[in-house]
Amino acid sequence: MTLILGIDPGSRITGFGVVRETARGCEYVASGCIRTGNGPLHERLQVVFRSVREVIRTHGPTTLSIEQVFMARNADSALKLGQARGAAIVAAMEEGLSVAEYTASQVKQAVVGTGGADKQQVQMMVMHLLKLTQKPQIDASDALAIALCHAHTQQSLVPHGLVGARRRGGRLRL
């Protein structure tokens, strides 16, 4: 059994989701939102770092799966998002986790079946796949979807002997 931590990074709200990958599929472990408040950016990044580290220490995942930065219309927002991602990745690396990164369209494709799915479609499929009875918060459901994406990607690579391969530009490199 493998525990996967999915992170949907944000400078104000960072979603997290932990799933257990078993021979029968994935099971829900935990999810939630890290709310950083309205303080200066460096203080909010510290909250992301410490909170992600605490989630890791509480649940013991072996892998962090995180969404890649997309090109936002607002450059300032994209930079803050990138810094929040960095804080989460450093927390994971400090705790010895491997890190996997996925684009938003890869996550949507893996969970919903189409890269153009909206947040509500992702949320409903997360509920269905993990057999949840209540809707998780949007940021938490996105994080669970990122974790599910990693689990599905790993399952599809194992039969082909490509688990250790590196993904660059949409291609797998051995």
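Here the Cβ of each residue, glycine as well, is placed from N, Cα and C on the backbone.
Worth saying up front: this structure is predicted, and the values here are computed from it rather than measured.
Counting only same-chain residues six or more apart in sequence, the Cβ atoms lying under 8 angstroms from the Cβ of D8 (Mg(2+) 1 binding site) belong to T14, G15, F16, E67, D139, A140, D142, A143, I146. According to Swiss-Prot, the feature Mg(2+) 1 binding site maps to D8, D139, an assignment based on sequence analysis.
The annotation active site is assigned in Swiss-Prot to D8 (among others) on the grounds of sequence analysis.
What Swiss-Prot lists as Mg(2+) 2 binding site is E67. Other C-beta atoms found within 10 angstroms of the C-beta of E67 (Mg(2+) 2 binding site) number 24, with every protein chain shown included.
Positions annotated as active site by Swiss-Prot, on the basis of sequence analysis: E67 (among others).
D139 (Mg(2+) 1 binding site) is surrounded by 24 other CB atoms, counting those within 10 A of its CB over all protein chains shown. Reduced to three states, the DSSP call for D139 (Mg(2+) 1 binding site) is helix. The active site annotation in Swiss-Prot covers D139 (among others) and is backed by sequence analysis.
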